[in-house]
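*Asks:* In case it helps, Swiss-Prot gives these features for our protein:
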COMPBIAS  12-22  compositional bias 'Pro residues'
COMPBIAS  23-63  compositional bias 'Basic and acidic residues'
COMPBIAS  231-248  compositional bias 'Pro residues'
DOMAIN    82-204  domain 'MARVEL'
REGION    1-63  region 'Disordered'
REGION    208-248  region 'Disordered'
TRANSMEM  116-136  transmembrane segment
TRANSMEM  147-167  transmembrane segment
TRANSMEM  178-198  transmembrane segment
Amino acid sequence: MAPKAAKGAKPEPAPAPPPPGAKPEEDKKDGKEPSDKPQKAVQDHKEPSDKPQKAVQPKHEVGTRRGCRRYRWELKDSNKEFWLLGHAEIKIRSLGCLIAAMILLSSLTVHPILRLIITMEISFFSFFILLYSFAIHRYIPFILWPISDLFNDLIACAFLVGAVVFAVRSRRSMNLHYLLAVILIGAAGVFAFIDVCLQRNHFRGKKAKKHMLVPPPGKEKGPQQGKGPEPAKPPEPGKPPGPAKGKK
């Protein structure tokens, strides 16, 4: 048993508590003394940056692109579709055949209807080539351009075949330039028919969108400017009951 403390002796002072920022002795490693500075709490989330982040745009859709960014995407997508599906090559070949036929017939005396048909078809083929090359049709959505192109090819094929038949029947003897011009007109008609077949393959497996030609609903008309809402009318006061009629 420990000896009892003598009477009148002062008790031993308790050890001083460690400072609040100091680490306990158990956490000391490699003889390093604990720092007096408290550690900062680790932030779980990063601070938001002041720079606005750009939204990721889809590759196969126009998304929210505007201005020049939208036109660049439309131009690239339109030319990709126009050249990969074979429409550009067919239309350019048809246009080349018609221009060559016009040059060959320029030095001969032919019926004016042949010149008219060739000039008309050159104009239509040039129009559609420029339309698809510069993506103009993407900004005119109220016209069904694939259907218009399909009808243009059908009409061009019919007109060019008719021009060949008319050119053969209108002359009994044909020189070399005239014969070459007739062959080129027929080749342009064949290319137009091939373009019709390509248009049909393009339409396969596609469904028309519902309500595509339905106009958007009109906006509800708000209150007229300068006129506030009409104040509510106060309720009419009740009429006092009439005097009771006495009996005679």
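Cβ coordinates come from backbone N, Cα and C, glycine included.
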*Asks:* For the domain 'MARVEL' (82-204), what is the mean per-residue pLDDT, to the nearest integer?
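*Replies:* Overall, the domain 'MARVEL' (82-204) comes to a mean pLDDT of 91.
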*Asks:* When the domain 'MARVEL' (82-204) is classified with DSSP, how many of its residues are helical, how many are strand and how many are coil?
*Replies:* 102 helix, 0 strand, 21 coil
